[in-house]
Amino acid sequence: MFSQFRQHTLPTWPFFHLLRQAQLADFPDILFSEIRFSLADFDPSLFAACGIPPPAHLSKAVKKRQAEYLASRYLAQQVMSHYGIGHFLLQNSRDRAPIWPLGIAASLSHTHHCAVLLSTDTDQLVGVDIEQLIAAEVAAGLQETLLVAAESQRLARSGLSFTQAITVAFSLKESLYKALYPHSQQFIGFHDAMVIEVDAVNGTACLQLTKNIGAAFPAGRQFNGYFQLRREEVITLVID
């Protein structure tokens, strides 16, 4: 899915562990970036050290939320510098959607120890999501909410384990929502798109809308999805 990763130098603070980037093998104009961080090593003083103002609404938030905010904003800052945009501070609109610079399409996701960002300066649609592998008992309770029967049967034949299949499907639909929302400003429910193909060997999938999502995305429209399984997490992309 990715070409060779390039690792970048980080400040010497123990909070940040790794910053690396790679072009997508099939989409050289799209950049995947990730940063790994240690919640245990977070300190509020890092906001000033990174040149990122701490938001007022997080002043009393738990350390986990502050750490995730800092890591994701620091990553966005580094990625935008790749496009010649200096001192970028990612803000959110009233609906909490990220506000990217004009001419940049991007998508951001994070867990408690990793933030990922997919970006391009083309007119492609991009969505990214990262999820911790969903526990078996949670996956069992989520299945009917997430999937229709045909999807469950398809994923059961995919070669993925049950927990992998549920996590991949959940994450793919999150990535699709993130790719479409900047253009539709419309919520997408889990049953508004179906996973109609999944290739566990090559890490590819196809999703199809089951209803119109605004005027630009009619029912039946298909989107390519990609996924990578790591030890305890799943990364998915949707690109169109």
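Keep in mind that glycine also has a Cβ here, set from the backbone N, Cα and C atoms.
Please treat TrEMBL annotations as automatic predictions, because they have not gone through curation.
Confidence across the domain '4'-phosphopantetheinyl transferase N-terminal' (57-116), taken as the mean pLDDT and rounded to a whole number, stands at 96. The domain '4'-phosphopantetheinyl transferase N-terminal' annotation in TrEMBL covers 57-116.
Per TrEMBL, the feature CoA binding site maps to ARG65, ARG73, SER109, HIS110, ASP129, GLU174, LYS178. The local packing around LYS178 (CoA binding site), expressed as other Cβ atoms within 10 Å of its Cβ over all shown chains, amounts to 25.
Residues or ranges marked as domain '4'-phosphopantetheinyl transferase' by TrEMBL: 126-206.
The Mg(2+) binding site annotation in TrEMBL covers ASP129, ILE130, GLU131. Over all protein chains present, the Cβ of ASP129 (CoA binding site) has 26 other Cβ atoms lying within 10 Å. Following the DSSP three-state reduction, the secondary structure of ASP129 (CoA binding site) is strand.
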DSSP helix/strand/coil residue counts for the domain '4'-phosphopantetheinyl transferase N-terminal' (57-116): 22 helix, 13 strand, 25 coil
Spatial separation of LYS178 (CoA binding site) from ILE130 (Mg(2+) binding site) - C-alpha basis, Å: 12
Binding-site residues compared (ARG65, ARG73, HIS110) - the one with the fewest other Cβ atoms within 10 Å: ARG65
